[in-house]
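Asks: If you scroll down you'll find the structure; I have some questions about it.
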Amino acid sequence: MTAITPTLEKRATATVIIKAGARRNDPYSVFQRKKRLGRALAWVAPVLVLLSWQISSDTGLVDKRTFTSPTEVGEAFWTLATNGVLFENLAVTVQRIGIGYVSGAVVGIVVGLALGWSILMRSAVRPMIRALQTAPTLGLFPLFMMIFGLGETAKYLIVAKGMGVLVALAVIDAVAAVPTAYIEAAKSLGCSKWAFFTEVILPASLERIITALRIGIGIGVLSTIGVEFIAANEGVGRIIWTSWNLFLPAQMWVGIITSCLLGVVGNMLVDLLQRLVMPWQREGDRVVS
């Protein structure tokens, strides 16, 4: 009996070790480790960039007249933040992006669903929307100012144009790509038009809609900053433009970095929206190698 007990203990220990190793190497555990590492690198990478920038500026590897050191940019940021200039202009830019982005997205989704529903309408109108997509957004701004004046309406419409066209095309293609099997199954179950729309068409289109909304963040920020270069007395774009005219590179970098942060925050909001409307596609539930 005493000879058998150590053998059983060894087998039990070996079994525990094997199970622990299997847990460490199963796809989900590997994915979670990579996910945690990715989150850490998301913070480490910007720090390394800032350190490289600071060292390059201090050692003269880059021209300090254009690539002002991060410490000087930080001082300029603090000055603009404490005197209220940064946040006043940031609020104006956020308002322009928000109104143009949301209105363009809503119109784009409605138009895309309506055109995607009808083969004839889709065939007739989609080429014109694609042509409008190639029209330079800022090139249309003078036309919008001629029609709507120098107020905020023209600025909102510039953002809405870029957003609406992008979303409309994405939704049209998404509706057209709904698998025939889904459509036939819905018809065989006797779905009403509303149920067919809410239970089949819309869920099948959500992924492309979210993708378009994410891409639209960049379009919204770029369009708004560009418009503020041309015809605006306030906004983050105006900070960049005025700083360039007065050769204040530190303040110019504050505006550039702020516009980048707007894009980051916008993408975070789209990610939140995706988790709310598409809970089955949460990143943590997808196991990849």
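Count begins at 1; order follows the chain as displayed.
Glycine residues also receive a Cβ, built from the backbone N, Cα and C atoms like all the rest.
Quick paste of what TrEMBL says about this protein:
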TRANSMEM  99-120  transmembrane segment
TRANSMEM  132-151  transmembrane segment
TRANSMEM  163-183  transmembrane segment
TRANSMEM  212-232  transmembrane segment
TRANSMEM  252-273  transmembrane segment
Asks: Counting Cβ pairs under 8 Å to the transmembrane segment (99-120), which of 132-151, 163-183, 212-232, 252-273 comes out on top?
Replies: 163-183
Asks: Output the single range from 163-183, 212-232, 252-273 maximising the number of Cβ pairs under 8 Å to the transmembrane segment (132-151).
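Replies: Against the transmembrane segment (132-151), the leading stretch is 212-232.
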